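Listed in Swiss-Prot:
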BINDING   19-26, 81-85, 136-139  GTP binding site
BINDING   Thr26  Mg(2+) binding site
DOMAIN    10-214  domain 'tr-type G'
REGION    19-26  region 'G1'
REGION    81-84  region 'G3'
REGION    136-139  region 'G4'
Amino acid sequence: MARAKFERNKDHANIGTVGHVDHGKTTLTAAITMALAAQGGGKAKSYEDIDAAPEEKARGITINTAHVEYETENRHYAHVDCPGHADYVKNMITGAAQMDGGILVVSAADGPMPQTREHILLAKQVGVPSLVVFLNKEDQVDDEELLELVELEVRELLSEYDFPGDDIPITTGSALKAVEALVANPNIKRGEDKWVDKILALMDSVDEYMPLPERDVDKPFLMAVEDVFSITGRGTVATGRIERGRVKVGETIEIVGIRDTRSTTVTGVEMFQKTLDEGMAGDNVGVLLRGVQKDDIERGMVLAKPGSITPHTNFEAEVYVLTKEEGGRHTPFFPNYRPQFYVRTTDVTGTISAFTADDGSSAEMVMPGDRIKMTVELINPIAIEQGMRFAIREGGRTIGAGTVSKILK
């Protein structure tokens, strides 16, 4: 069977459901796909389809994620649902499925729970740009005032973690009631069922409130150097995959990381032995650099738009430590532990000086399976920025994965 072509006639965004374990994330995901399928936007998926999520490996960590897609009138969404709490945490930290926005699901019957707080905090730390809220299980609440109280609590919680709590759209409804209605009649149109309408209203709020991600090609140029060659009579070529932006022949770029930053001019861009006028995000290219010796540049450096990224050694990070079963350590580690940090294309040794738990208390040791905030100092400066993902390795095996939450130096 020929593969269907991906039609790019609508703006695309990645979205995920966030929330406490029994508040209805997966049921909501099913309700959204069914409600939009009834309007002609994609295929309906049942709870069972989504819950039996296949395992994925991201940076060596096994994560259960279900990928679902659906369309509103204006946009195409790829939706990630993680059945388990641990999967959710791992997914966010490793960026297995990068989210452009999230739907925070809170049970109107129970109000915010400890995990709700944890997810909002995590969304903030790993850089999920925007959230909208769905208060689920409205059918179980007969008191209007109780709904208002829960809404108020959720808004306060969002504001506490620097999300615009007062502005975030909150929709109430019942995912289960919507699913039941759509199972009985899979072609319910807008205005025919109050519970289905509430799901469509939620998606309207996502369409309106969630900004589209900036496309990778529009961001400032960055390419991690994977290999370096010298071509007699032409100069030095750095090869790698362009992470973002575009690079044209004749442009000035900077070589950043490990040694002092220096600038150079791009004298050629090649891909598959063909010359290009410009390379774009996603391309695997060779970039010819003027006046640079082969010894001046090495794997682990990056080529970047001048001034767009700087080298750093000290940062704070949000990290998930692999369990023994996932191939991680069998024993805990302590402050001053010195593993390798695998950033983009290279390992750099670093010292982990301190750990803190979510509540800000300092932890004495870190166990396999923990999620922790840590302070790191690398032995060499590397091009680092907030939100960047990395792996922690020891003797070539991955023992953790993290996201830079704050640059210190």
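Every residue gets a Cβ built from N, Cα and C, even glycine.
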Query raised in the report: Where DSSP helix means H, G or I and strand means E or B, what are the helix, strand and coil counts for the region 'G1' (19-26)?
Result: 2 helix, 1 strand, 5 coil
**Report entry** Structural state of Glu138 (GTP binding site), classified by DSSP into three states
**Finding:** helix
Query raised in the report: To what whole number does the mean pLDDT across the region 'G3' (81-84) round?
Result: 69
Query raised in the report: Which of the binding-site residues Gly19, Cys82, Glu138 has its Cα closest in space to the Cα of the residue listed as 'Mg(2+) binding site'?
Result: Cys82
Requested in this report: State which of the following binding-site residues has the fewest other Cβ atoms within 10 Å around its Cβ: Asp22, Glu138.
Outcome: Asp22
Query - Local Cβ density at Lys25 (GTP binding site) - other Cβ atoms counted within 10 Å - result: 25
Query raised in the report: So how many other Cβ atoms are close to Gly19 (GTP binding site), meaning within 10 Å of its Cβ?
Result: 26
